[in-house]
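A.B. asks: Pasting a structure below so you can have a look.
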Amino acid sequence: MILQNKTFDLNPNDIAGLELVCQTLRERILEVVSANGGHLSSSLGAVELIVGMHALFDCQKNPFIFDTSHQAYAHKLLTGRFESFSTLRQFKGLSGFTKPSESAYDYFIAGHSSTSVSIGVGVAKAFCLKQALGMPIALLGDGSISAGIFYEALNELGDRKYPMIMILNDNEMSISTPIGALSKALSQLMKGPFYQSFRSKVKKILSTLPESVNYLASRFEESFKLITPGVFFEELGINYIGPINGHDLSAIIETLKLAKELKEPVLIHAQTLKGKGYKIAEGRYEKWHGVGPFDLDTGLSKKSKSTILSPTEAYSNTLLELAKKDEKIVGVTAAMPSGTGLDKLIDAYPLRFFDVAIAEQHALTSSSAMAKEGFKPFVSIYSTFLQRAYDSIVHDACISSLPIKLAIDRAGIVGEDGETHQGLLDVSYLRSIPNMVIFAPRDNETLKNAVRFANEHDSSPCAFRYPRGSFALKEGVFEPSGFVLGRSELLKKEGEILLIGYGNGVGRAHLVQLALKEKNIECALLDLRFLKPLDPNLSAIIAPYQKLYVFSDNYKLGGVASAILEFLSEQNILKPVKSFEIMDEFIMHGNTALVEKSLGLDTESLTDAILKDLGQER
C-alpha cells in the first residue's frame, strides 16, 4: 500500500493514519538494523519529520536534502524500498545513505555532515533561474550547525531570500555528547550583546520597584530565554519557527504548511528524541548511533567481543601511556572522541583534550598553532574526514613545518558505509605536500611504535594511517621494531621477486607470499614503512629482485607504486613494478572481504594475478 512507493497516498489530514505509518516504519527499521547493523537512533528519531515532509510535498518537485543522510531510512521505506530494505548496507544492496543512483527520490549524495543547506541554496538558485516551481527542503541535525559550511550557506541564503525550508532536528546530540549541539550554541547567544543589553535595561527598571515584586526579574529572564533561539536566525534574515515537538504529527504538518506559504527561507526548529520508539535506545545516544547486529529483545550485540585490540584501541592505549609522561601531548578530534579512541584521554586528562565539533579545518589550524607554542597535538581523525581540512594542512601546518601529528583512522576500505567513507585518498594528497612525513604500521605492535615515533618527531608535520577493525597481518608474525625516519624493513630476503607492502598492505602481501610458496615460488617481503621520505637505500634493497609487486589500500593514482616508480626514474633504474592498489573508481559499500574480492584484492585473486604475470597458471 502506502509503503510501496505511493508517497502521495500519505494524507496530511489523517493524523491517525500517519501515526500508523510511523509505527510501521519504526518496526521495519528495527527489524532490519538489528539484523544488518546501521544508524539506528537517528533514523528512529526522524520518522515523524520525514513522514510529515512526504505527506505535504512531492519530493521530485521539492527536493528533499538529508544532511549526512544517515537518518533517512524512513525516506527510503516511503519511496519504493520497503522490501529491498532488508539488503541495507549489504554488498550490492541498499546504501545506508541517500544515493541518486539507487533511487530517483534520493536527490543528492550524502555521507559527510553539514552540506545540506549549501546544496539547498544551490537548488534554490537554479530554480529561480529556471523559474521552476517548488523549493528545496533540508533536514539537518543539531550537530551539523557547528561546521563552517553551514554558516557560509546561511549567510547567502539570508541575504538572497531564496525560498527554502530547513528543518533543524534538535536531538541535543551529533555523534558524541553535545559538543557543538544546538543547546550549547544557543546558550552562547544568551551571553551576546543583544540579550545582555536588553536584559540589563529591563533589570534596571525592575530594580526600582519594591522588593516584593523583584521576583519579576528572574521570571522575565526565564521567559526571555524562550525567544532567544530564533534571534540568531532572524537577524540573518531567516524566518524562524519553533521549537516544536518533532514527534507531534499535527504540529509538524501545520508548521510545514505555514513554512510552505511563506515562500522565503524558513528554519523550523524541531525537538526530537534519538532512538524514539525503542526504549532500550532512548536516551543512550552514543551507544545507539551506529550499531552492529543486535538482539532486538535485549539490545545485546550479536557479535562476540574480539579479544584482539583494534588498531584504534592500540593507538589510544599508547597515546594515553605517553601522555602520562609527557604533559605537552594534547588530543584533538572533530566530534569523534569515541570513534577515534580519544575518549580515554578525556577521562584521564580532560584539560588536554579538545573536541572542536564538526570543524575539521579548525581542528588542523588550531592544532598547528598549539604546535607552534610547543605542544604535541595528536589530531585523531578518520581518513574520509581529513580531506575536508586539506587547505589547513597545506597552509597552516606544512608551509611553516609545524609538528602536528595526524593519526589517520579508518584508512583503506571501510566496509558498509561505502563511497562517502572509504579512506583511500589520504596517501595521494598528503604525499604531494612539502615538509610532510608519511608512514604506516603493519600491525598493532608497530602501530604503538609509530605513535612513539610521531611523539618524538619535532621537525615537521607527520601522518600515520591504520585500518578499521583489524590489521590483515596477525600479531606476532614478525618481530616489532622501532621506526627510524625514512627506513624500510626487509622482512624476508630470499626470493627472485619482491613483494612490497605499505601499512595494512604488508599483511596482504604476506598472505600472497604464503600462497606463492605453496606453488614453489619464493618471494622476498619488504615493509616500506615510510612513504615520505622513501628509504634512501631503496635502490640497493630492490637490486637483487627481478620484479616488484606493491600492496597498499589506497588509490593507485599518486599512490605507493607511483612514489616508488618516481624514485626509480630519478635513479635511472629500470625495474618492472606492478601495483595492487585501488583503481580509479569510487568503491561501493558492503562487507570488506566481499568488496576486496570484487576488486581482485583477495589473496586468491592477487596470487593468480602474480602467477599470470610470471607466465604461470594456477
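Just so it is clear, glycine is given a Cβ too, placed from its N, Cα and C backbone atoms.
This is the feature table in Swiss-Prot:
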type: BINDING; residues: HIS70, GLY111, HIS112, SER113, GLY143, SER144, ASN171, TYR278, GLU360; note: thiamine diphosphate binding site
type: BINDING; residues: ASP142, ASN171; note: Mg(2+) binding site
A.B. asks: Compare the Cα of ASP142 (Mg(2+) binding site) against each of the binding-site residues HIS70, HIS112, ASN171 and report the nearest.
C.D. replies: ASN171
A.B. asks: Within 10 Å of the Cβ of HIS112 (thiamine diphosphate binding site), how many other Cβ atoms can be counted across all chains shown?
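C.D. replies: Here the count is 21.
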A.B. asks: Enter the number of other CB atoms within 10 angstroms of the CB of ASP142 (Mg(2+) binding site).
C.D. replies: 24
A.B. asks: Can you tell me how spread out the thiamine diphosphate site is, meaning the largest CA to CA distance among HIS70, GLY111, HIS112, SER113, GLY143, SER144, ASN171, TYR278, GLU360, in Å?
C.D. replies: 33
A.B. asks: Where does HIS112 (thiamine diphosphate binding site) sit in DSSP terms: helix, strand, or coil?
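C.D. replies: Its secondary structure by DSSP: coil.
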